[in-house]
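In Swiss-Prot this protein carries:
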BINDING   HIS552, HIS556, CYS654, HIS658  Zn(2+) binding site
Amino acid sequence: MNSNQLRETFLNYFKQLDHEVVPGSSLIPENDPTLLFTNAGMVQFKDVFLGVETRPYQRAVSIQPCMRAGGKHNDLENVGYTARHHTFFEMLGNFSFGDYFKRDAIKFAWDFLTNVLKLPPQRLWVTVFQDDFESESIWLKEMKINPERFSRCGEKDNFWQMRDTGPCGPCTEIFYDHGPTISGGPPGSAEADGDRYVEIWNLVFMQYNRDAKGNLLPLAKPSVDTGMGLERLAAVMQGVHDNYDIDLFQYLLKALRTLLKTEDLHNTSMRVIVDHIRSVAFLIADGVIPSNEGRGYVLRRIIRRAVRHGYKLGQEEPFFYQLTKPLVEEMGGAYPLLRKSQALIEQTIKQEEIQFSNTLTKGLKILDHEMAGLPSRQIPGNLIFQLYDTYGFPPDLTADIARERDFVMDYAGFDKAMERQREQSQQAHQFVANYAQKASIGGETQFVGYETLNSQANVISLLQNDQPINRLNESEKGVVVLDRTPFYAESGGQVGDQGFLYFEKGSFRVKDTKKQGDIYLHIGEMLQGHLNVKDKVRAEVDVSRFDIMRNHSATHLLHEALRRVLGERVMQKGSLVEAKRLRFDFSHAKPLTPEELQAVERLVNQQIQANLLSTIEVMTPEEAKKKGALALFGERYGKEVRVLEMGDFSTEICGGTHTERTGEIGLFKIVSESGCAAGIRRIEALTGKAALDYIESAEQQLRSLSDLLKTNRKNLAAKLSQILEDHRKLEKELAKLKQRLASQQLESLINQVVDVHDIRTLAIRLEAVDRETLRAIVDQLKQKLGKAAIVLATIEEGRIQLVAGVTKNCLEHFNATELLAPIAEKVGGRSGGRPDLAQGAGERPENLEAALAAVPKWIEKKLKE
């Protein structure tokens, strides 16, 4: 039975038992900052188990994609080296929320395994918690399993709890016995760590609530949470012991074999790569992008680990992204989002591969060099940190290399180096946090800025230089905290408001507004007079707020327009809303075409012209989702959210300030579209008068260009095309002249060739040529000389240009990049390229002649190595 059939069989079995088939949730847990990734089927039902959420069903069945890389549950360093560790796996699970309990859960599991899947009972082994006599009785007396294939285990193995307090309970586990040819004893025995008995299903019975004192109190409605790994079950059903031998992995391994032109499907690096493409693809499909923090950093680590293992197999060019296609072929039917996101996944992985490949070789050389000189077999923490900080080597990638060479890692030293860096970076980020900590003495601020731009208020706290003060004097800078304010605090991409606080005989200029918890911090400078705690003020927001409102409303229209033009997979990844402009970051695999940009811009302006009414409702996050409101990826929402609707065009959760009608935006103009990260595009745009000014400026430039080219605007494109075509013709003529010049110099250069053993060698400076001409001459010399190493140089506008060429029959001794590197270094520059052709540049012409003169000796030394 293949994996697709197993998924279908499992869902159908429990569907017939009145279970609601619930789609697996995202790998990114919703509203749960305690979890980095979804790591079990019960995660999406956590609030149901806790009693804070109700569902219209009491029985559920799901197939949940899960991650175990990063955080508490981290299998990354073992992946590829064992038969069953994976970064990504699928969890089959059935759940009861106060409906059936132990008897039915056990009966369903046993029936599915023995009657539906036809697994022989004599190959199964059952464990229960040592004090769970009810489950023991059900197994032995009702299911009548063989008592010799049954054991009791302690709390460590057979008692489950979500955290130190809360729902918990005993569990019963079902193991598959792979037979006596594999080492290991039954669960609960001293030999239980072997691989013979493999857990395939865990049934958790949540029947207690553990209080803060550790007491177990019975739950009013006991529940069931079960989990069974698809990969392990597939191994059992397909008669193999190693998960990498099942259909899912074999399909990917064979695709990788073709890609890398290798035959060893059991190679550890091959296994690492095919495991990692699954977790990487699903994470990107769920909206994660490579970065240097949080989930994005875990994704980056996994990609880089796969790339490094490809490098071990001799693959130095980007290859990992090409496994996306076979993965989609194998799993796209079960997970349509994977198929829908294929282009984004490929583009994101490829960009990350290219970026990392630039530093991988250098980092490996440094590590090789340092390891060769270490006095012990421990890699120092400062070296691990240097590789991480300078060359992007995640510590687990260095640990992989250490493991392969029988070295250990100095993690304590690495942690100290990391801590030093954190302390340095945190010093620059204490401003707002310190103010908020001091301001918390003063209470909270009521925000009234949705209804008005000015209000009366009382000063409840003043701060200066991180310290609470009672009085702020003229010309002094500080922070004012009010009991109520119309000033919007920086949040959700919208900048903080500016304006003034007016009071008797004085004023305070608010330059920025920030928020910490319920405290609004009005940051600025006293213009005149003095201000005391408990004084009354009139708070007035600057009229620039209207421009901010226009731009914020425009971002909502832009977001929806992008989804309609490019597809619903587009997700917001960030934004900046200020008075002068707006910036919007979104997930998309490639640059937008001019036609797509035009369609987006036109669609936004159509909604502005339609003058749609903006309405706001306050509701729970669950109600907002049912309404179809878009939520910002990764945002954690409170009990209530504001939902902004613009006609029937856009519905989003948003706490920002907006125009009452879309017509108030006036005009929308996209001024740039660019990439800001792998798989992330950025649009910058203007609205209102700023957009009109931009268009008028563009019109003026067109008029000036038309005058310059002596044509009207209607014929401007044709005129420019003709000029460019003439330019291309001239460039071709110039190239021919350069080629002719190269040919003319060829005979003279051949006469200056010296023989270093059997390698014809030339290292010389040429005058009045450019780099392209140097390349042409190198190519012709390689053809003429047979077995040759050539370095040509010229000085162009005060800067040295270098080109080196090596014929193929020299590559067993050295290549062009190796040949050119010391020369470039001597002239204060850098070089790079292919094995047969390298290029470089330098800044020290005075060292050039000596550097070229050293080439024959360098070659002679290489030949002796």
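For all residues, glycine too, the Cβ spot is worked out from N, Cα and C.
The Cβ of HIS552 (Zn(2+) binding site) has GLY493, GLN494, VAL577, LEU582, CYS654, GLY656, THR657, HIS658 as same-chain neighbours under 8 Å, each 6 or more residues away in sequence.
Secondary structure at CYS654 (Zn(2+) binding site), taken from DSSP and collapsed to helix, strand or coil, is coil. Sequence-distant neighbours of HIS556 (Zn(2+) binding site) (same chain, six or more apart, CB under 8 Å from its CB) are LEU644, MET646, SER650, GLU652, CYS654, HIS658, listed in sequence order. The Cβ neighbour count for HIS658 (Zn(2+) binding site), using a 10 Å radius and every protein chain shown, is 25. Here the Cβ of CYS654 (Zn(2+) binding site) has 25 other Cβ atoms within 10 Å, regardless of which shown protein chain they belong to. Apart from HIS552, HIS556, CYS654, HIS658, the Zn(2+) site neighbourhood in this chain, defined by C-beta within 8 angstroms of the site C-beta centre, holds MET549, SER553, THR555, SER614, LEU644, GLU652, GLY656, THR657.
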